[in-house]
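Trainee: Pasting a structure below so you can have a look.
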Amino acid sequence: MNASRIIRLAFPFILNYVVYYIYLFTPEIYPIMNKIYIIGYGAIGKVLAVALKLNGHEVCIIRGSIADAPPQLQEITVESASGNWPSTEIHIGSLQQFRSLEDGIIVLANKSFGNARLSEVLQSKVGNAPIVIMQNGLGVERSFIEKGFSNIYRTVLFATSQNLQDGLVRFKPVAASAVGVVKGNEQLLNETVEQLNTPQFPFRAEKSIQPVIWKKAISNCVFNSICPLLETDNGIFHRDENALALARRIIAECVEIAAAEGIRLHADEVEASLLQISRSSDGQLISTYQDILNKRETEIETLNLEVAAIAQRLHKQHVVRETRLLGELTLLKSKLHR
């Protein structure tokens, strides 16, 4: 094969990569209003990226913790109960490569302990674009409110995910995940949810998001402390009465603090939700336990320890003794394993 023929065959591939690199470094040249930027390279961000790409959206995963990661294409496969989704190539980049993110929706699927630093980095890049915080816990939006971001939305996830091996992620949806306004308006909320919602990974708009946040946070206080300490999977609560009895005590403590904050919840409803998640994600490891096994920092400080901090502020620290103790033990276990 002569040189001219090789050049003719290779030219389309070379051109595609040139355009891709230009797009990453100067995204404002290609203003795609339906672009979705997912910050965070964890399992849930990968699943969301694949679901959006399969439904025709322009999507890019941005590494939140690695500033200078080189841009790349990664093939990701999602394993679900109904079978594997088609393997999908996803663009992976870093924040340093983007001058602006104003032409799309910014989804935060990173670990919440990085929010303070991330809010500083994003201040000059986001403008009025909607930020959707897809994280567990209480108070995770605080840094973005303090920095004066215009449109802040919270997602409460009703799904679990787990990295199995390079490029393969397990996903177990339980129900449509709720998205609500922290700061902004309902029209933009509805438009944002419409963009994010797919058959594979459904979302819905929620007018009153705070009770939903608290209800899920209480379940997460249970899962993310008891499961790592027992070194077991999410299914323990529907399988073992003793584990469920401990969960009930944590739920009762947290529901009392929620009520003191003006959020009225019923313990039996929280328990029913916890058991639904336990059954649907039987065999799955909760994110905090995954983090401990992989020697990573956990988000327990936005769960049990944040509830304890709220109780302290309300002079009700005596109410959450077990919730706080389990959180402190989980934090200690995390530190000892790193």
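Every residue gets a Cβ built from N, Cα and C, even glycine.
In TrEMBL, annotation is done automatically, which means it is predicted and not curated.
What TrEMBL records for this protein is below:
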{"type": "TRANSMEM", "residues": "6-24", "note": "transmembrane segment"}
{"type": "DOMAIN", "residues": "36-172", "note": "domain 'Ketopantoate reductase N-terminal'"}
{"type": "DOMAIN", "residues": "209-315", "note": "domain 'Ketopantoate reductase C-terminal'"}
Trainee: If you run through the domain 'Ketopantoate reductase N-terminal' (36-172) with DSSP, how many residues end up as helix, strand and coil?
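Mentor: With helix first, then strand, then coil, the domain 'Ketopantoate reductase N-terminal' (36-172) has 35 helix, 49 strand, 53 coil.
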Trainee: By DSSP assignment, list the helix, strand and coil residue numbers for the domain 'Ketopantoate reductase C-terminal' (209-315), in that order.
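Mentor: Reading the DSSP string over the domain 'Ketopantoate reductase C-terminal' (209-315) gives 80 helix, 0 strand, 27 coil.
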